[in-house]
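Here is the structure we will look at, set down as structure tokens.
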Amino acid sequence: MQDLRNADTLRLPNGDGAAANDEVKSPFLIGVAGGTASGKSTVCKKIMEQLGQAEMDHTQRQVVSISQDSFYRELTPAEKAKAQKGLFNFDHPDAFNEELMYSTLQNILKGHKVEIPSYDYRTNSLDFENVLVIYPADVVLFEGILVFYFPKIRELFHMKLFVDTDSDTRLARRVPRDINERGRDLDAVLTQYMTFVKPAFEEFCSPTKKFADVIIPRGADNTVAIDLIVHHIGEILATTNSAQHSNTVRVAASSMKRDH
């Protein structure tokens, strides 16, 4: 495990596990874990931006990002009523559909196109009208609070990053986010945080830090760490592109021999 507090070098998995030479595109799968509002999605966004992928047509992207929130299980009417009052624990492992998460990541690793619903935080439900289509890519970022919690899912990752941000900063980010973007009121946000979010982080999320290959203190503010990770991913993409070009040349040469 590497803690990137004052990092100027970075030793990361080299992507050998991702089959660049296979005809089917098997991506390099990166897990990005961390507490609520730690900056996981922002880290993924910055990685995408620096690699020139954010504005690219989604059918052509070499790097894609997926949120674990899309794998919350459907709530019962009683659970939805609790959720509206901030009384449902969305930070507990049982809140997620582990099997769907696992099968979807397996299909992605097999190079299949998959469709993933978005999550509507205002209604606490999956939005199947707004489906994210994930096309085969070279690198896939999968971010969420508990992406390292489930053993069989954790084993799928070629690289594991943990975004480590102090609890005061995370709470300061979560309150305005949940009020402005998710339609919550202050009392509900604070009740949910103290009752569920904080205890669940300490019990389920924080212990998974030990599984990380790299810890990123201060999240997206740690530009040095992000630059090093971007450089490493760039090397993986370059290797993949080189292998694909080599395969194309070999196929072309083979065709020429058959023609003669």
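Any Cβ shown, glycine's included, is placed from N, Cα and C.
Taking Cβ-Cβ distances under 8 Å and a sequence separation of 6 or more, the neighbours of Thr42 (ATP binding site) in its chain are Gly219, Ala220. DSSP assigns Thr42 (ATP binding site) to a helix in the three-state reduction. What Swiss-Prot lists as ATP binding site is Gly34, Gly35, Thr36, Ala37, Ser38, Gly39, Lys40, Ser41, Thr42, Asp221.
If you look up Swiss-Prot, you'll see Asp91, Tyr119, Arg174, Arg184, Gln192 marked as substrate binding site. Over all protein chains present, the Cβ of Gln192 (substrate binding site) has 22 other Cβ atoms lying within 10 Å.
For Gly34 (ATP binding site), the same-chain residues 6+ apart in sequence whose C-beta sits under 8 angstroms from its C-beta are Lys40, Ile145, Phe162, Val163, Asp164, Thr165, Cys205, Gly219.
Contacts of Asp91 (substrate binding site) defined by a Cβ separation under 8 A and a same-chain sequence distance of 6+ are given as Thr36, Ile145, Leu146, Phe196, Val197, Ala200, Phe201, Phe204, Cys205, in order along the sequence. With every protein chain in view, the residue among the binding-site residues Thr36, Ser38 whose Cβ has the most Cβ partners within 10 Å turns out to be Ser38. Around Arg184 (substrate binding site), the C-beta neighbours below 8 angstroms that are at least 6 residues distant in the chain are Gly86, Asp178, Gln192. When other Cβ atoms within 10 Å of the Cβ of Arg174 (substrate binding site) are tallied across all protein chains shown, the result is 21. Look at the Cβ of each of the binding-site residues Lys40, Tyr119 and count the other Cβ atoms within 10 Å; the largest number goes with Lys40.
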